[in-house]
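Trainee: The following block contains the structure, expressed as structure tokens.
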């Protein structure tokens with residue numbers, strides 16, 4: 001659902017809850033617009049007693065944020081979610097979600113990218129062995145989540161100044177959360193004298209090792225990084241978390257790529273469905289969300305920089321007339337084209353000028369103009385004009401047009 005009771009959404013997004021759009025209906029009920037597609041999905045599973053489901057969902061979500069148009073940040077925007085709900089063996093659906101993200105970003109050819117992976121249990125284990133009380137896990141987590149935008153010193157200052165941690169505890173956390181790598185790092189942490197004694201961290205690292213083994217079989221570990229700084233600020237994550245970022249090379253002398261922004265994120269949320277079930281029945285879930293507007297803004301910037309002209313229509317043919325009083329001929333011709341499955345359009349004017357019609361084709365990138373004038377009507381043919389080359393041929397209607405169209 002697009003609208004929920006405020007209480008349905010509150011307590012699930014951590015510090016991000018301040019971005020929820022709050023409403024009040026005429027009866028006085030406190031309502032809110034959905035912040036993401038995950039919480040409504042969990043509620044749907046609980047209300048309909050569904051324990052097994054695999055789905056995708058493309059829809060709008062709303063955030064009371066400061067818009068940044070060039071970065072694809074809006075208050076109303078589309079997300080595309082993939083979720084797998086059900087009781088399965090560890091890390092198999094999680095690996096598939098990462099495979100989906102890898103496939104999407106590869107096929108879109110957005111440039112080099114990296115998918116960061118971590119586990120909330122590993123993070124909580126790190127906080128525990130560093131002496132952080134459990135009541136401060138979530139607030140510490142939100143500070144760590146800023147490491148991709150802020151240097152460690154600023155994050156440490158926030159932990160000490162705003163979150164109330166001791167400088168020593170923050171330093172101990174810093175030794176872990178600045179680590180990133182692959183299977184070798186997971187193996188090293190499994191041998192860590194402190195972390196190996198923590199039940200949560202040991203579970204998380206064991207699952208992370210399994211996940212990387214599956215990702216190796218999928219052949220995508222080259223784009224995956226086990227990154228202990230990844231925290232994902234939302235409260236509902238319970239296990240593996242991931243985030244995809246696009247990378248850019250500043251210049252030829254820089255060895256490491258730098259991030260230009262997150263385009264996808266997700267993770268495991270095993271406890272969320274149980275919050276909406278009257279009997280508290282849990283349904284394990286894992287999912288990923290793709291930021292459609294963010295990707296579009298990157299593609300638009302790329303097209304603009306290249307000077308390439310972008311087609312905003314799939315129209316194949318514009319039906320045009322060179323003289324007045326030929327609207328009936330245009331309507332008859334376009335009707336036949338539509339029936340033949342050809343994508344055609346025409347001017348919504350009785351007597352448009354031919355030059356304007358041809359200019360419209362050029363502006364919109366429509367490759368062909370089907371021109372029907374008095375002479376063509378007399379001879380029972382149409383004139384087909386290639387808009388780019390300006391070459392013209394006369395042909396006897398549909399069967400010949402249909403042969404030309406596959407070439408454009």
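Yeah, the Cβs are placed from backbone N, Cα and C, and that goes for glycine too.
Annotation comment: TrEMBL describes 36, 37, 38, 63, 79, 83, 232, 236, 237 as L-histidine binding site. The feature domain 'Aminoacyl-transfer RNA synthetases class-II family profile' is assigned by TrEMBL to 56-322.
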Trainee: Determine the Cβ neighbour count for residue 237 (L-histidine binding site): the number of other Cβ atoms within 10 Å of its Cβ.
Mentor: 26
Trainee: Count, for each of the binding-site residues 38, 79, the other C-beta atoms lying within 10 angstroms of its own C-beta, and report the residue with the smallest count.
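Mentor: Ranked by other Cβ atoms within 10 Å, the binding-site residues 38, 79 bottom out at 79.
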Trainee: Among residues 36, 37, 38, 63, 79, 83, 232, 236, 237 annotated as binding L-histidine, what is the maximum Cα-Cα distance? Answer in Å.
Mentor: 21
